[in-house]
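Here TrEMBL flags 95-129 as coiled coil. As annotated by TrEMBL, transmembrane segment applies to 417-441, 462-480, 550-571, 583-603, 623-641, 662-680, 752-771, 783-804.
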Amino acid sequence: MGSLFRSEEMTLCQLFLQSEAAYACVSELGELGLVQFRDLNPDVNAFQRKFVNEVRRCDEMERKLRYLEKEIRRDGIPMLEIPGEVPEAPQPREMIDLEATFEKLENELREVNQNAEALKRNYLELTELKHILRKTQVFFDEHEGGANTTESMTRALISDDPNRHMGQVQLGFRDKQESLEFLPCFVAGVILRERIPAFERMLWRACRGNVFLRQAEIDTPLEDPSSSDQVYKSVFIIFFQGDQLKTRVKKICEGFRATLYPCPEAPADRREMAMGVMTRIEDLNTVLGQTQDHRHRVLVAAAKNIKNWFVKVRKIKAIYHTLNLFNLDVTQKCLIAECWVPALDLETIQLALRRGTERSGSSVPPILNRMETLEDPPTYNRTNKFTSAFQNLIYAYGVATYREVNPAPYTIITFPFLFAVMFGDLGHGALMAAFGFWMCYKEKPLQAKKIDSEIWNIFFGGRYIILLMGLFSMYTGLMYNDIFSKSLNIFGSSWNHSYNQSTLMENKDLQLNPDSTDYYQQPYPFGIDPVWQLAEANKIIFMNAYKMKISIIIGVFHMLFGVCLSLWNHLYFKRRISVYVEFIPQIMFLTLLFFYMVLLMFIKWTSYGPNPGHFGDEAFVKSSGFCAPSILITFINMMLFKTDANTRPQCDDTMYAGQIGLQKFFVLLALACVPVMLFGKPYFIMKEQKKRASQGHQSIEAAAENGTAGGAPVPAAHNHDDDITEVFIHQAIHTIEYVLGSVSHTASYLRLWALSLAHAQLAEVAWNMLLRKGLQSAGYQGGIYLYVVFAGWAAISVSILVLMEGLSAFLHTLRLHWVEFQSKFYSGEGYLFQPFSFEVILDSAGQGEE
């Protein structure tokens, strides 16, 4: 239980391990996860440490595994999860076997991929050649049939403006009377479809219109062998005359990365080539299928073990990385380490070290010695899956100073309760509780999915907080008698009125009148009477008074509890001075002023009734609601030493006898606490330092008189003026912060009332503007209208009233704990205990992969 309310007691230990047993012992400590090693070589470069070669080997194995994982994911092969327990760290001699296995798999897979890529490239070339032979055959058939002459070809030549009419362009003919049946030279190839327009334009400009281009799109996409992407290409054929144009055309094709293929001029040759291409394509398909099958078998076999391999390699790497933090003794046969360990787990750690020694076969037992140190130990709070979320809320503010009071156990209750005061609605709370219960019920399946959404991870990490916030909101919703802005009439109303429905509808300003037993019979058994939902005139006034006072009462008790926890810290750390000059004045200041204001609320509730009274009975009149004084005005007058003139002669503005004198005494006593908080601690520290200085001066004089000083110069007395000044400044800041903060923090708890009122009013607006109109609609059209309206109302309720309002209430609750509560006792100046743990390392590595 000590670890729950205060961090674990930590101790610094020195560990001596034999070199042969160091690996196995560190492996056992990694499985245990209770040891934080210190770096004993902070000035040594990472590349100059003893086990840097082993770490590099692990990095290389990780690289090969990532390559295998990438190929497995690309083929969509499922990787089997680790069945049962996570495998242990392998022995160092097993690294050679793992390296050989990974090297063999990588080489085999790379060879298969290279062969497959070469086959795919050949297949692509043959496929493109097949399309060229088919498309160009159409071009030549048109030409041989006389469907296209040079005159008609020139009308399809390239132009910057496709709408412009082009003149005739002769393909190198000097004599117009020469035969038009003469066919120029040509080249054929394939180019990416999106490059065709620029390709045409460049041909036109570079060749000055002396070429003729025909192109046709390939309908089916082709696979790029290097990237495996599907690309769309087009077949083109370019007619020209002369070697100069041929060279220019080929350079343009090379610049646009077009692939040129041989295309025979004779139809028989083209037909024969096409048949050969088809035969080779069929053979390539067979070889490609066999290659893919072999690759798939290799990847399936690797997918069965890749998770285990990753775990083993990461454990080996973590062990050697930890061993690099150790020091070597002079004989180079022993490794020396320093580590922080929980004092309660020393025996468990000793057993783990013995297991590691037995596994390694060493005969020299490890030695674990406790060390004395002045260094601040790390903070370690044991948590489980339920308390870890609340502990993380505290760590978000700051890690507790070593052995400081841990606010997390109290936050488990106060956090969802303060949230529920602001979010009090039975319906919305039920939605939140249902969501939290679903995440808790489906905890293991949801964890196994490893969802990579940051927002989801935040919700899932705080699933138990959400569940408790929902349950507490359901309770406060019952207290407020509020469910989706409506009431539950469980016990019937305690108000007895004779108003009919027409009177209620016509008189919107009609108020509930509690001055007679004819109307008000007895208090409602639980929560707020449901009849207040009908009181449109004074409902908000009644609820404001109720929730405002409740907020102040909760806030004062919450802050008083925080100040009381500071006493626990002072007593534990034996700060006797702080008890007298900090805790006592702080608790008196808060009690004499603000707790007294809370007492006035209870006195007012118990001393005054709702009846305005009858002037014939003076005692009855003074105890009636007519004479009830305002708590706020009373508190202000108390602080100002002011007494208002009695504007109600028949009433007494005091609640009890001697109230004015007692209040003045309380204020004077509270003000007297301020200089105690301001000057008390610096005075006692200065007095203690003078006492120590005088004792040290006397001992030096005595040594000089006895001749034991050895002629050494007598050291001058240390000047503590700077230390006292620093203490005084710190105490002044702390005092001003506490005194002014007591006022602002008390007012800050009014956010409990403000957000509760805002939530209730938003829920009421959503009901009146949407669902109420849908419920009032009649006929079958009304059913359709209600269906649409209910969908809108449900969407608004979930998105705004549950999510946005819930987030707002959550942040305000977080502020009340961090600022108003924890500032009274929690400094949060420690650093977190981060043990060497395989579980943490593997979890972080798994999240990085996702």
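In case you wondered, yes, glycine gets a Cβ from its N, Cα and C as well.
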Segment-segment contact (the transmembrane segment (752-771); the transmembrane segment (783-804)) at 3 or more Cβ pairs under 8 Å: yes
Distal contacts, the coiled coil (95-129) - CB-CB under 8 A, six or more residues away: 54, 57, 60-61, 64-65, 67-68, 71, 190, 218, 222-226, 233, 235, 259, 261, 273, 277, 280-281, 284-285, 287-288, 291-292, 294-295, 298-299, 302, 309, 312-313, 316
Local confidence of the prediction over the coiled coil (95-129), expressed as mean pLDDT: 91
Remote residues contacting the transmembrane segment (550-571) - C-beta distance under 8 A, at least 6 residues beyond either end: 404-405, 407, 410, 414, 418, 421, 578-579, 582-583, 586-587, 590-591, 594-595, 597-598, 601, 742, 745-746, 748-753, 816, 820-825
Contact call for the transmembrane segment (583-603) against the transmembrane segment (662-680), three or more Cβ pairs under 8 Å: yes
Among the ranges 417-441, 462-480, 662-680, the one whose Cβ pairs under 8 Å to the transmembrane segment (783-804) are most numerous: 417-441
Beyond the flanks of the transmembrane segment (417-441) by 6 or more, those residues with Cβ under 8 Å of it: 459-460, 463-480, 482-485, 488, 550-551, 554, 558, 751-752, 755-756, 759-760, 763, 797-798, 801-802, 805-806, 809-810, 812-813, 816-817
